[in-house]
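Worksheet: one structure, shown below.
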Amino acid sequence: MGTVVVGAVLVGVVTLIVRSMVKDKKNGKSLQCGGDCSHCGGHCSH
Amino acid sequence: MKTLKEIAVGQTVTVKRLHGEGPVKRRIMDMGITKGVSVFVRKVAPLGDPVEVTVRGYELSLRKADAEMIEVE
Amino acid sequence: MSVKIALAGNPNCGKTTLFNALTGSNQFVGNWPGVTVEKKEGKLKGHKDVTIMDLPGIYSLSPYTLEEIVARNYLINERPDAIINIVDGTNIERNLYLSTQIMELGIPVVMAVNMMDLVEKAGDKIHTDKLSKLLGCEVVEISALKGTGIQKAAEKAISLAERKNEVTPVHEFDSKVEDAITAVGTMLGMDIPEAQKRFFAIKLLEKDDKIKEQMKLVPDVSNEIKALEDAFDDDTESIITNERYVYISSIIGKCVTKGRKGGMTVSDKIDRWVTNRWLALPIFAAVMFIVYYVSITTVGAFLTDWTNDVLFGEIIPPAVEKLLVAVNCADWLQGLILDGIVAGVGAVLGFVPQMLVLFIFLAFLEGCGYMARVAFIMDRIFRKFGLSGKSFIPMLIGSGCGVPGIMASRTIESDRDRKMTIMTTTFVPCGAKLPIIALIAGAFFNNAGWVAWSAYFVGVVAIICSGIILKKTKMFSGEPAPFVMELPAYHMPTVGNVLRSMWERGWSFIKKAGTIILLSTIVLWFLMSFGWVDGKFGMLEAEQLNDSILASIGNVIAPIFAPLGWTKAGEGWKMAVAAITGLIAKENVVATFGMLFGFAEVAEDGSEIWGNLAQVMTPIAAYGFLVFNLLCAPCFAAMGAIKREMNNAKWFWFAIGYQCGLAYVVSLCIYQFGILFTGGGFGLWTVVAVVLLIAFLYMLFRPYKESKSLKVA
């Protein structure tokens, strides 16, 4: 019983990860910090 | 013909003319180095290139190869 | 009704701070279609129907840089309802240059003069009323940092947008130029509205080819161009640039009253020391030493040790195990979760504290203006091997994590320099490669310090050699771009901005652990735990690892790596598999060895498996293995970053192919020459290594004519 529940949770988590990765990919921002340093908050603090 | 490249650190000169053409020239002009503006050569980088100049109240660095395009007096 | 307001201004003028202040957390970050220029959009706080668009920071609307083209295409084609033009009050003369161009677009403009607090502090005065009259737009004083005046600026922009007040530029050029602009204006087709005629006329006179693509009817203006060029003895583009600055110079005296003249500002005093001819390099070395000393050994090491040993050692795994036992979970699933996911993801998250400390330092150095000086100091060296001073910043960040490092290459304007930087940045050992170094140093070299130092040395030499080799290839030939860079005044970055920058970069790393690494640990666990025994597919016992799917895959690819000395019978596939999992994430390498040698959990430096590893590889092969992992294509996440930044499949594969090829050749040479000099004999592969070495040296030293960056007319 526990196995089924844990397994279901795991499958759910994996699905969420894959979905978020697919979504990010569609938005054209696969794994990034926000990137452009001249746009970065740390760069232009005035 | 004297160019900005030959100017010693600490001197102020007036730009007489810009040579060359296209993107490089446009870029230098966009940054405010145009005919008649006065340029103060502030310092040279530790390894001799690029140079730092004060123009229109701010600091700009440019390579000597690019400074050679700027004719001054 | 919905209103669209664009923010436009120079880099370093406080645009992003203003954008954050106006929109709060309500932002959408993406890319402009087809290019790697970031596109930021947000809703104005308290106004759901007002969209704020943050345009890239630009100096001009010229057709030469990607940012400029993106910004101007947006302004011409999408036509926002109003523009807020942010102007840095402390550097107003050059900032107004862009303003004169924005005024010509025929879109309502509000000028927001930023950093008014600093202007007043310096004792200067900007007469905004006169500025408003002489430029023909509304002017508001703001301080984006303190939040003063920003609401007023936004409200002005909204009311202008609603009234559809078009600006008419009031600035005037020389009468000959004005006549030519008027003449060209009358030739324009009906598709161009009255208010934009000046903009298009000027662009045509400037011989701006990109603008012609946007027009239905392109009149022939060569007579006007010729007349102007004869009269001024210069090209039209320069004449118009010149005229803009002439106008600005003529009004600046009326609009700005300088306070106390002369005297050095604090920024000047700092700069006198920091970029001093003799002290600059020692200071730079000291700064780098402190940054790395603190983030890798002291504070960072303390935090990382705690995360690895306590959080992912004593707290999380036992708690998860207890929970799984309590719900009566099957053993195989417990194995997957504990040995696979928790161990794999934990190993990666262990680096996060170290990385965050490093990113705080880097964000501070960037925010205070020191990074621009680093580019200034280092340019001469980097020029020598085909890179630019700005390449140093991505490489510094890349020593923490390659993903933000590659992203940071965006600040390099020259396409060629940027591509080369992207290809070489990941040669710098990143945080995730440190455990591999520790593993090899511990298992084979008695923890000798030179192993770690040599890893950085190999990285730096690889960058230098690659730079020299690549700049001589056809792909990278061509005119180098100018290195014309603003050196912004030093200032204290705000805590909020430093933390935001740290978090943005650190987050990419954490996200990687939660997504791609988590998935890869599951896949790896599956490949290791299942296989064919006696022709039957099923789950394996621990000692049947050699029958797993992973072993079958490993055995197929192992022969490729045989010349590198990863040959030990029945075990060679383990090195191949570890290197392959390293392509998913370098953190995987140590963890994979741990699993392959039958340890559920290994320490960060893999001390449990030192003995096993020493049995399957010779020290020479092990060092080659280390070098291969340092130089070959980085992890999935960094490869994704390369793909995005190159924005071109051909270049992406060229970069990955070059990295892997170089890694293979170098470790082949290390192993073959290593066994040759230790009396291991001479074979076919020794010949191959010699040939490759000669080819490499030829590529490095072949004659090359340096193309100069200038064409003196």
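Yeah, the Cβs are placed from backbone N, Cα and C, and that goes for glycine too.
Taken from TrEMBL, the feature GTP binding site applies to C:9-16, C:34-38, C:54-57, C:114-117. There are 26 other CB atoms within 10 A of the CB of C:P56 (GTP binding site), with all protein chains counted.
Around C:G24 (Mg(2+) binding site), the same-chain residues at least 6 positions away in sequence with a Cβ under 8 Å from its Cβ are C:G42, C:K45. The feature Mg(2+) binding site is assigned by TrEMBL to C:N20, C:A21, C:T23, C:G24.
For C:2-163, the entry in TrEMBL reads domain 'FeoB-type G'.
Per TrEMBL, the feature transmembrane segment maps to C:278-303 (among others).
Within the chain carrying the transmembrane segment (C:323-349), a Cβ under 8 angstroms from the stretch's Cβ atoms is held by residues 307-308, 311-312, 316-317, 432, 435, 509-510, 512-514, 517-518, 520-522, 524-525, 529, 539, 585, 587-588, 590-591, 594-595, 600-602, 604, all 6 or more beyond its ends. Annotation comment: TrEMBL describes C:323-349 (among others) as transmembrane segment.
Listed by sequence, the residues of this chain that lie at least six past the ends of the transmembrane segment (C:356-372) yet keep a Cβ under 8 A from its Cβ atoms are 267, 274, 287, 291-292, 294-296, 299-300, 303, 393, 396-397, 399-400, 404, 431, 485-494, 497-499, 501-502, 505-506. According to TrEMBL, the feature transmembrane segment maps to C:356-372 (among others).
Residues annotated as transmembrane segment in TrEMBL: C:392-409 (among others).
The feature transmembrane segment is assigned by TrEMBL to C:421-444 (among others).
Marked as transmembrane segment by TrEMBL: C:450-470 (among others).
Annotation comment: TrEMBL describes C:509-528 (among others) as transmembrane segment. Residues 335-336, 339-341, 343-345, 348-349, 351-352, 355, 401, 403, 540, 545, 548-550, 553, 581, 584-585, 587-588, 591-592, 595-596, 635-637 of the same chain lie 6 or more positions beyond the ends of the transmembrane segment (C:509-528) yet place their CB under 8 Å from a CB of it.
Outside the transmembrane segment (C:548-566), and at least 6 residues removed from its termini, the chain residues within Cβ reach (under 8 Å) are 524, 526-531, 540, 572-577, 579-580, 617-618, 620-621, 624-625, 628, 664, 667-668, 671-672, 675, 685, 688. The transmembrane segment feature in TrEMBL is assigned to C:548-566 (among others).
According to TrEMBL, the transmembrane segment annotation covers C:578-600 (among others). Using a Cβ-Cβ cut-off under 8 Å and counting only residues 6 or more beyond its ends in the same chain, the transmembrane segment (C:578-600) has close neighbours at 335, 338-339, 343-344, 347-348, 351, 430, 432-433, 435-436, 439, 512, 516-517, 520-521, 524-525, 528, 542, 545, 554, 557, 561, 606, 608-609, 612-613, 625, 628-629, 632-637, 639.
What TrEMBL lists as transmembrane segment is C:620-639 (among others).
Per TrEMBL, transmembrane segment is recorded for C:651-676 (among others).
Here the transmembrane segment (C:682-701) has long-range neighbours at 465, 468-469, 472, 563, 665, 668-669, 672-673, 676, meaning same-chain residues at least 6 beyond its ends whose C-beta is under 8 angstroms from one of its own. The transmembrane segment annotation in TrEMBL covers C:682-701 (among others).
Cβ environment of C:N12 (GTP binding site): C:G57, C:D88, C:E486, C:P488 lie under 8 Å away, each six or more residues apart in the same chain. Proximity of the transmembrane segment (C:651-676) to the transmembrane segment (C:278-303) is not established, fewer than 3 Cβ-Cβ distances being under 8 Å for residue pairs spaced 6 or more apart. Under the DSSP three-state reduction, C:E38 (GTP binding site) is assigned to strand. DSSP gives C:G9 (GTP binding site) a strand state. Proximity to chain A, defined as a CB-CB distance below 8 A, holds for C:N12, C:N20, C:M115 out of the binding-site residues C:G9, C:N12, C:N20, C:M115. Counted over residue pairs 6 or more apart, the CB atoms of the transmembrane segment (C:421-444) and the transmembrane segment (C:278-303) come under 8 Å in fewer than three pairs, which marks the two as apart. It is C:A21, among the binding-site residues C:A21, C:M115, whose Cβ has the fewest other Cβ atoms within 10 Å in the structure shown. With respect to their backbone Cα atoms, C:E38 (GTP binding site) and C:N20 (Mg(2+) binding site) stand 15 Å from each other.
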